[in-house]
Amino acid sequence: MPRDYYDILGVDEDASDKEIKKAYRKKAMEYHPDRNPDDPEAEQKFKEASEAYEVLSDPEKRQRYDQFGHDGVDSGAGGGRRGRGRGFHDIEDIFDAFSDIFGGAPGGGRGRGRSERGRGRPGSDLRVSLSLTLEEIAEGTEKNLRLQKYLECESCDGTGAEGGMGGQNFSMCPKCDGTGEIRQVSRSVFGQVVNVQPCPRCEGEGRIIDNLCDDCGGEGRVQGEESISINVPPGVMEGNYLTLGDAGNAGLRGGPSGDLRIEIEEEPHEHFERDGLDIYYDLHLSFPEAALGTEVDVPTLEGEARLEVDPGVQAGKILRMRDRGLPDLEGSGQGDQMIRVHVWTPQELTAEEEELLDQLRAHDNFQPRPPEEDTQKSFFRRVSDVFS
């Protein structure tokens, strides 16, 4: 038998949207698969919390659930469900279309029904940059961020009124009679035209505050600092971003919080250049090493590794170290580490060194010649031969 959605989130049946959202965020952070790898029970609880929030955050679905239970929201009842979990994107889903690696507020929770009219105005979104090393990108990492932002005023529970919801500090707006709207009806040759605008007296809230909170001056929010912890999956790249729903600035007088968008930046690396999933490293060899072959230790993202260089390697040759690059964000493969060979030529020689090199220069093996694949006639030369 399916568990009760209110029990899953740990809230009462008369819980407000704000309480439901807060409970869901707590459960999601506690049971998120990134925080509980290889824990099937935590993954199941995360899915249950997500399913419960999808229903209880939607006024229409919640009404059907309250009236008919699970039958009211299961497939085929009351219009059916749109697919489990599709109403939101969590930190894994942000990479689905990855220009959206980090995309979307849970449960479409920014929308509000008519019963929530007057719960303040939404807070603005925040954008921050997160700088990562290639090593962190390769392994995935957990980062702590300290944010300067608007926080909900604790003194008034975000209402802007002294004493919060428990106080008798609100009265119906006399201008709009609590509707939050001003309707103006005019007549034209086409009939009646109704113009609806937010009430300027109560700013569309339908109520006015009689006694303002001293701490926030009636805004329901104060400036402060908040620390958050985020899990960055392996394989992200410059320009990707994470979106954490409801982690932006708190709204005015109980309005929903904005989102937090975390944009990924890659730190320059002392050894490597990135090209997609591959990384490039420049290997400098002396002339004898290139001619005779050698074994060298080269840096990789996992530490030093031994590389064997065959005799006669040419400058510009690309050597490949398989699976030493970066992982694919969606887990479908691993890049390689590419080694660009550079042959170093000495600029100052002793008389003895000049004599040795002069002797070598006379031998046929030291005369430059093109690689085997270049000894064939070019396409244009072969075409020319046909018509000559």
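Quick reminder: no glycine exception, Cβ is built from N, Cα and C everywhere.
Of the listed segments 200-226, 254-280, 362-388, Swiss-Prot assigns region 'Disordered' to 362-388. What surrounds the Zn(2+) 2 site, by Cβ distance within 8 Å of the Cβ centroid and not counting Cys173, Cys176, Cys199, Cys202, is the set Pro174, Lys175, Asp177, Gly178, Thr179, Gly180, Glu181, Ile182, Pro200, Arg201, Glu203, Gly204, Glu205, Gly206, Arg207, Ile208 from the same chain.
Same-chain residues lying 6 or more positions outside the repeat 'CXXCXGXG motif' (213-220) and placing a CB less than 8 Å from one of its CB atoms are 120, 152-153, 155-156, 158-162, 250-255. Taking Cβ pairs closer than 8 Å, the repeat 'CXXCXGXG motif' (153-160) reaches residues 18, 120, 169, 209, 212-216, 218-222, 250-254 in its own chain, all 6 or more past its ends. When the Cα atoms are compared, Cys173 (Zn(2+) 2 binding site) and Cys156 (Zn(2+) 1 binding site) turn out to be 20 Å apart. Note on the binding-site residues Cys156, Cys213: the fewest other CB atoms within 10 A surround the CB of Cys213. Between the CA atoms of Cys176 (Zn(2+) 2 binding site) and Cys156 (Zn(2+) 1 binding site) there is a gap of 25 Å.
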